[in-house]
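Notes to accompany the following structure.
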Amino acid sequence: MSNRRTFAIISHPDAGKTTLTEKLLLQGGAIHLAGEVKARGAARRARSDWMKIEQQRGISVTSSVMTFERDGITFNLLDTPGHEDFSEDTYRTLTAVDSAVMVIDAAKGIEPQTRKLFEVCRLRSVPIITFVNKVDREGRDPFETLDEVADMLALDVSPQMWPIGMGGEFEGILDFATETVSRPEGPSREFLGKRDADAAIPERFADEIELARGGYPEFDLEAFRHGDLTPVYFGSALKNFGVTELIDAIARYAPPPRPQPAGEEQISPDRDEVTGFIFKVQANMDPNHRDRIAFMRQVSGTFKRGMKLTPSGLGKPIAVHSPILFFAQDRELADTAEAGDIIGIPNHGTLRVGDTLSERNQVRFTGLPNFAPEILRRVQLRDPTKTKQLRKALDDLSEEGVIQVFYPDIGAQHIVGVVGQLQLEVLISRLEAEYKVEAALEPSPFATARWIKGDAKALEEFASFNRANLARDRDGDFVFMAKSPWDVSYQVEKNPELTFSATKER
Ligand code: G4P
């Protein structure tokens with residue numbers, strides 16, 4: 001069985017993803033610090049050293065992928081930027097993982113961005129392990145947090161541990177499986193790794209713990225792997241509490257590389273051919289280098305450096321001589337990689353998001369979605385003689401996955417759609433730098449879009465009534481441009497013979 005675990009952390013900004021990532025990397029031995037690994041300051045410095053390396057190499061792939069090892073398991077942690085730089089990349093990254101850790105702030109519960117990312121995981125039934133963070137601080141009642149997860153996400157919750165008190169009252173964490181208690185120690189109340197088997201749990205917590213133990217479904221591997229049940233861990237990333245238990249849970253329960261859909265077929269990780277798909281392309285922001293790194297999720301086979309792979313978009317093979325593997329501190333040149341691994345492939349724009357790479361050029365992975373844009377803007381050209389260049393640029397960039405483009409049925413203006421503001425900034429700067437097109441973005445009357453499907457007659461009828469809200473995407477498919485979410489529900493109700501879809505497979 002494969003020893004790869006390829007996962008992402010999903011959370012709302014500030015819930016503690018960065019802190020937890022650092023702790024996972026430290027425990028996995030990926031960041032080697034001289035001396036103690038306690039000081040957060042030291043961990044911070046380690047991180048910035050590593051960013052300097054990235055800068056010197058002129059390409060910022062910092063923390064896009066982090067690989068670490070522990071007890072014979074190789075973990076590939078894929079970063080899902082969750083801050084201002086939220087973009088479609090974030091969503092697509094989730095198509096390249098086999099499981100996700102959902103970090104929740106113990107005081108805040110499920111927040112909007114956690115929920116959005118969760119919905120994307122659900123599209124592909126990605127199994128979720130929940131980590132309730134910051135139990136060293138005053139938080140909500142853990143029952144309330146669990147009920148919220150269960151209700152808001154329609155997910156069974158199965159606590160594997162329980163915090164004994166919180167904040168000032170915090171006594172430690174009881175592990176249900178081993179019946180041991182981990183306690184904070186020393187003046188800084190950090191977790192030093194001791195587990196106390198005979199720990200007397202203060203009487204006043206006895207009832208609560210009994211209720212917690214008995215009141216929720218037992219862990220069920222099958223249900224977890226289907227994305228129907230989440231095991232819940234409690235801890236403090238800052239104080240390094242519960243992190244070991246979390247890593248153990250990922251090692252033990254998170255699925256090894258899963259088969260990936262390719263049309264009617266499922267491509268198994270055991271297939272005797274290297275196959276993979278590109279889920280992200282990172283352009284070098286340095287205008288002197290047109291280099292890009294395409295991130296390939298390997299689906300099957302054993303990759304060897306120098307191997308020839310055929311990109312589906314190109315049709316002729318390319319030799320992959322300098323692939324990049326992502327060990328957290330140094331990016332190492334990959335010699336071999338297995339199913340579940342991520343390989344960075346430097347290229348000059350030949351590889352695009354959604355492309356399949358394979359040895360025999362027979363497989364086409366499907367299911368890499370486009371997501372309904374949440375920000376829609378009209379593109380205003382400064383120099384009207386550049387219409388052609390603009391169209392070419394928008395087509396290229398939408399193919400690359402930077403933005404989505406919509407061509408309204410009425411009017412000549414192009415509309416671009418994104419899920420995060422940063423994508424718009426990237427668009428404008430790349431239009432200028434690479435296509436010499438100066439453009440500005442103006443508000444559009446639309447708030448979101450839905451891909452419409454149905455039989456030709458129904459579509460035609462819909463089109464005749466809604467010309468002003470109709471556009472075509474890059475592939476010429478019909479898109480309903482909605483002024484508000486209400487607009488969408490109204491049309492959905494009014495047109496039962498049509499489907500309005502928030503995602504579209506590439
Ligand atoms: P993010 O990547 O999800 O945005 O969160 P990040 O790890 O940056 O953490 C956000 C803030 O929460 C940080 O505080 C961090 O120290 C704190 N934090 C993370 N985990 C825990 C925890 O388990 N317990 C407690 N008490 N705090 C935690 P900050 O003040 O914004 O940053 P800093 O000044 O500490 O760097």
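Glycine is treated like the rest: Cβ placed from N, Cα and C.
Quick look at what TrEMBL annotates:
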| type | residues | note |
| --- | --- | --- |
| DOMAIN | 2-258 | domain 'Tr-type G' |
| BINDING | 11-18, 79-83, 133-136 | GTP binding site |
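Its own atom aside, the Cβ of K17 (GTP binding site) has 24 Cβ atoms within 10 angstroms in the protein chains shown.
Closeness to ligand 1 is met by K17, these being the binding-site residues among K17, T80, V135 whose Cβ falls under 6 Å from the molecule. The secondary structure of K17 (GTP binding site), as reduced to three states from DSSP, is helical.
Annotation note: T80 (GTP binding site) sits in a coil segment as assigned by DSSP.
Around the Cβ of S11 (GTP binding site), the number of neighbouring Cβ atoms within 10 Å comes to 25. Across the residues of the domain 'Tr-type G' (2-258), the predicted structure has a mean pLDDT of 81.
Long-range C-beta contacts of T80 (GTP binding site), restricted to its own chain and to partners at least six residues apart, with a cutoff below 8 Å, comprise A8, I9, I10, T90, T93, L94, L117. Around the Cβ of D14 (GTP binding site), a 10 Å sphere holds 13 further Cβ atoms from the protein chains shown. Around V135 (GTP binding site), the same-chain residues six or more apart in sequence whose CB sits under 8 Å from its CB are A106, P163, M166, F170, I173, F234, G235, S236, F241, G242, listed in sequence order.
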